[in-house]
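Just below is one structure, and these are the notes that go with it.
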Protein chains: 2
Amino acid sequence: MSSREQAFIMALRQIAGDPAARNLSDDAAILARPTGDLVLSHDMIVENVHYLSNDPPETVAQKLVGVNLSDLAAKGAKPLGALMGYSLGIDYKWDQAFVKGLASACHQYNLPLLGGDTVALPRHTAHFSGMTVIGLAPSCGAPDRRGAKAEDDLWVTGPIGDAGFGLRILNRRKPIDNPLTEILIQAYRCPVPRLEEGAWLAPYVHAMADISDGLLIDAKRIAEASNLGVKVNLDKMPLSKEAIAYFGDSPTTRLQAATAGDDYQLILSAPSSCRHKLQHLADEKNFGLFRVGKFSQEKGLSLYNQHGLITPPSNLGYEHGCNC
Amino acid sequence: MSSREQAFIMALRQIAGDPAARNLSDDAAILARPTGDLVLSHDMIVENVHYLSNDPPETVAQKLVGVNLSDLAAKGAKPLGALMGYSLGIDYKWDQAFVKGLASACHQYNLPLLGGDTVALPRHTAHFSGMTVIGLAPSCGAPDRRGAKAEDDLWVTGPIGDAGFGLRILNRRKPIDNPLTEILIQAYRCPVPRLEEGAWLAPYVHAMADISDGLLIDAKRIAEASNLGVKVNLDKMPLSKEAIAYFGDSPTTRLQAATAGDDYQLILSAPSSCRHKLQHLADEKNFGLFRVGKFSQEKGLSLYNQHGLITPPSNLGYEHGCNC
C-alpha cells in the first residue's frame, strides 16, 4: 500500500470511532439491530459534473455528506451511519483536506463513518466519490414520493435557486468582488440537509422529497409518481435576500431559480387541513416553510404568477441518471 | 434525461421488484426492521484496475456483486439487499449487457436491488461502479478479523490462485487455445461469494475474512489485527486441477498462487479442538475446507513447505486502498 493510501486510511480511522466501524479493519461494518425500519440511499458526486475541479476539497466532502443526508431528511430519517467509496484525488494534500471536510461534516450531523472502499484511479480519470447513508425511519413511516393527493398544498422549506446562482457566479470569468456572492457560492458547495425539518414534517405530509434537480422538475416528479398534476405559483417561491440583491427579482430570475437544482430544500405535499398546523410548527421550531402551489387531478405542470399562466420552460431542471 | 439513461433505469426497475426499492422512484429505499444485527459493506470496481476493458460487461456486473457479497460471506451474513452506484459505460449496448449480468447475479444470490445512483461521466474517464450490500448477521454474531487466538488453525475454503492465473492468461498476447483456461478466466471474472460456507462456519470460527488480495497478505492481516503471527504451509494450500494442468505444481507456482489475489475464498481461524467438527461439517455440506497453517504468539508471517522455511516474497499480494 502506498504511503499516501496508508495516510488516507489512518486519517479516516480518526473519524471512524464508532464500534460498528470495527476500526475500518474488517471486511464489513456491523450495526447493532436497529429499533425500526431503515432508510437507505446512495449518491455519487463526480468532478466537473457535481462539483468544479477547483472547488476546495473540504467542500467537496461536505457536499458528498450533504446530498446524501438530504435523502434521509426527505424521509424524516435519523442518520445511523455512512459508508464511503473514494477515489484518491489529485494529490496527497487534496485527500487530506477532503478528510478534514468529511470529519467536519460527520461531526456536524452526528454521522458515524462505518466503512467503505478506496481506489487509486488510472490517470486522466475524473475524481469521484460515493456515499451510502443508513438512517432510522420515523415511527410514523418514511414518507413516499408517490403519496401526494389531489388538492394537497405544495410546500418548500426555504429559498430556491441560491446554489444555481452560486454556480453561475463561479462559472464567470471575472473575479468575485461582491460579499453577497460568498453565501450563494456556499449554497452550491455545501448544501445543508434539512434533517430536523424532515423529522418534524414527516408525520404531517402525504409525500416528501428533496429538491436536488430543481423545484419544477422535483414538483413534477412528485405529481407524476402520485398520478397527479401540480400548479406552482412562481411569485410564492422564496428567494434569498442575497439572490435578490445580486440578481434582482424578475420573472426571469425566478424561472432561473426554479429550474436551477442543487437546492436541497425539502419539497412536500400536505392536506390543506394541515395548513395552520404546519405554519404553527414552522413558527414554533423556527424553520422556513413556504406554500408554493397545489396538486390537482389535472395532469401536468402548470406554472403561473400574478399575471397569469406562464409557459413552462423546456428544461425544468437538471436531468441526469437514476435519482433514486 | 437522455434516452440512454432512461432505458438504463427502466432496465434496472425490472430487477428492483422488492417493495423496499419503492420502484427506484423515491429518494431512498425503505427496509423493514431487520430481525438482527446488520452487516454493511461497500466495494468499488474500476476499469483497468479491478477488471479489464475488454471483459464482457455481464461479467463486470457479476464481479461487482461477487466481491461485495463475499464480504457478507466472510461475516456469515445473509444478504438483504444492495444499492448500486453506476457510471454509464462505453455505450448503450454495454450498459444493457451489464444490467443483464446484474439481473443474473441478483437472481443467483437472491439479492434484492434496492436503489442507488447513476452518473454520466466526463469523456476519457475510466468506467467504475460501486455497491453497498446489507446483510443480516448470524445469530452467533458476525466473526471479526481481529478474533484469532494463538494456536488456532488457519483454514481456507478452496483453491487459491485461479483468478490470478486467469488474469495472467488474459494478459498474454497469444490467443487462448486451451479449454482449461476458460475455468481460470471465469475465476478472475466472476468470483463466487462463499455465502453458504460463511454461514455454516461462522459459529465455529474465531476470525474470518475473504481472500481478496492474496492468501499471504490476508492471512497476515488477520494475524496483525489479532496481535499474532501466522505460519503458512504452502504445500497444504489447495491448487485447482486446472491450475496444475496449465501452470504445473512447483514452489514457484504455489508462491504465485498465494500472492495473486481475487480468490474470494474464505480464510478463517478456528481452535484446533474444532478441527474434526469442521472437517465433518465440510464433508456433510460438501464444501472445500483446507488447513493451511497456524497462528502463533510469535509475530510475523512464516512461510514453509516440505523442505523447510521459505523467505516470504516482498510483495505478499495486491495492496490497494482501504479494504474495509
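Positions of Cβ are set from backbone N, Cα and C atoms, glycine also.
In TrEMBL, annotation is done automatically, which means it is predicted and not curated.
For the Mg(2+) 4 site that TrEMBL gives as A:ASP27, A:ASP71, the extra residue drawn from A:SER41, A:SER87 is A:SER41.
TrEMBL lists A:ASP262, A:TYR318 as substrate-binding residues, and of the candidates A:HIS42, A:HIS50 the one it assigns to that same site is A:HIS50. The shortest Cα-Cα distance between A:ASP27 (Mg(2+) 4 binding site) and any of the binding-site residues A:HIS50, A:GLY116, A:ARG145, A:SER212, A:TYR318 is the one to A:GLY116. Those binding-site residues from the list A:ARG145, A:ASP213, A:ASP262, A:TYR318 that have a Cβ under 8 Å from chain B Cβ atoms: A:ARG145. For the pair A:ASP210 (Mg(2+) 3 binding site) and A:ASP117 (Mg(2+) 1 binding site), the C-alpha distance works out to 27 angstrom. Note on A:ASP27 (Mg(2+) 4 binding site): other Cβ atoms within 10 Å of its Cβ, all shown chains, come to 27.
Around the Cβ of A:ASP71 (Mg(2+) 4 binding site), the number of neighbouring Cβ atoms within 10 Å comes to 30. Secondary structure at A:ASP71 (Mg(2+) 4 binding site), as computed by DSSP, is helix. In the domain 'PurM-like C-terminal' (A:202-302), the DSSP tally of helix, strand and coil residues is 46 helix, 24 strand, 31 coil.
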